[in-house]
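Per TrEMBL, the feature domain 'Ammonium transporter AmtB-like' maps to 24-449. Among the features that TrEMBL reports, transmembrane segment is placed at 24-46, 58-77, 135-154, 161-187, 199-217, 229-249, 255-279, 291-310, 316-336, 357-382, 402-427.
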Amino acid sequence: MSGVPVGYQSSASSPDWLNKGDNAWQLTAATLVGLQSFPGLVVLYGGVVKKKWAVNSAFMALYAFAAVWICWVTWAYNMSFGDKLIPIWGKARPALNQGFLIGQAALPATAHFHAGGDALETAAVEPFYPMATVVYFQCVFAAITLILVAGSLLGRMSFLAWMLFVPLWLTFSYTIGAFSVWGGGFLFQWGVIDYCGGYVIHLSAGFAGFTAAYWVGPRAQKDRERFPPNNILFTLTGAGLLWMGWAGFNGGGPYAVNSVASMSVVNTNICTAMSLIVWTCLDVIFFGKPSVIGAVQGMITGLVCITPGAGVVQGWAALVMGVLAGSIPWYTMMILHKRSMLLKHVDDTLGVIHTHGVAGLLGGLLTGLLADPTLCNLFLPVTNSQGAFYGGVGGAQFGKQLVGALFIIGWNVAVTSIICVAINSVVPLRMPEEKLEVGDDAVHGEEAYALWGDGELYDVTEHGAGRAAVAPVSTPPN
């Protein structure tokens, strides 16, 4: 090996199969996705809710991120990406052994065979880096899904109930969708296209969050009537981490540094920018004012909509998807929501059913229409896949996308309902009214903002000429 530069020579820690570029990017992509959750959504949730719920909302996201990690490496990773147990589920086992984690990555159930035969069509996914990298990358995807579900439940769910909900939903809902669509399950083998989570993450989170919101019940009436964001700049900070972090979200989808990764990142930004602009324009046209919160909603729907097709659609298609991502979820949230008895009845705090459920469904169906055959052959296990726009077998692809969506929706509604009923039989899902009245201080003994003094809230009373005496009180001064 004398002719090989030292940096490229193999060793015990750098075996022949290790592609250092792929590994470096995949670790970076995973970290970008992790930053979307913490601090991204932690900050966004803390800023977008009413002041009295800032700590609780941020903490729900932080807890979910930590809890998913432990569940993931203990049993959930292999349920999602390990050996097949049944067509919708992998075999549960830990991902903690060093022999497993430092060996070459492999997703054993992803080998795809020609329909009705034993001839191998596409080999199983085997990236050129350690299994530990895949475990990390997929863990942060699982974590952000639970945090998105939390967005439907902010401002009233019991924290103890949330602590139970996270591992149960991860185990019995997320792992099913992940294995079925990505890990080699029946939707993967059938050829349903979900490039990087439109169905597994966003459609699941939207409908699971909405279902859980139904079972938990609404916020306090005063909070439903008035729930202003306590810090729009924090909200924008979190939104910025989301948008920039999506380069890792979609750019890491191919498990390699290749042209599909590059294409997906460009498409992500095209769709997101267009969706934000369209949402803002609609706000101006119909409400007379551009809304910053509305722009953030439009940004999110663009990110979500492009995700199932980011690596398999052309740039012009991403532009079209952006127009629809900024208008159809806008309509369901701003117009249809006010007319639908069901949508008005269920208190989905941040409208996750619209920003992730509707946008994820929209993106998956549009992928079934607009998936480019050349790009599909660069990425998908089922050869000759294409969207209906390109004719041929494309019509069948749209049907597959629709069936895949219905399975994800149906499973999440049913399983989330069972989980909520089970938890409610042990601990109440909803906080008592006295805690709902006070918020963070009653739930955690902490508040987001200390306006005066050394971490305490003070009432300032004027005494004499320009002098002031201070006395502690339980509420901030007016």
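Here, residue 1 is simply the first one shown, and the rest follow in order.
Cβ coordinates come from backbone N, Cα and C, glycine included.
Bear in mind that TrEMBL entries carry predicted annotations, made automatically and left uncurated.
The transmembrane segment (199-217) is in contact with the transmembrane segment (402-427), judged by 3+ CB-CB distances under 8 Å for residue pairs 6 or more apart in sequence. Of the candidate ranges 135-154, 229-249, 291-310, 357-382, 402-427, 291-310 has the most C-beta pairs within less than 8 angstroms of the transmembrane segment (255-279). The recorded stretches the transmembrane segment (24-46) and the transmembrane segment (316-336) do not share 3+ CB pairs below 8 A when only pairs 6 or more apart in sequence are counted, and are therefore not in contact.
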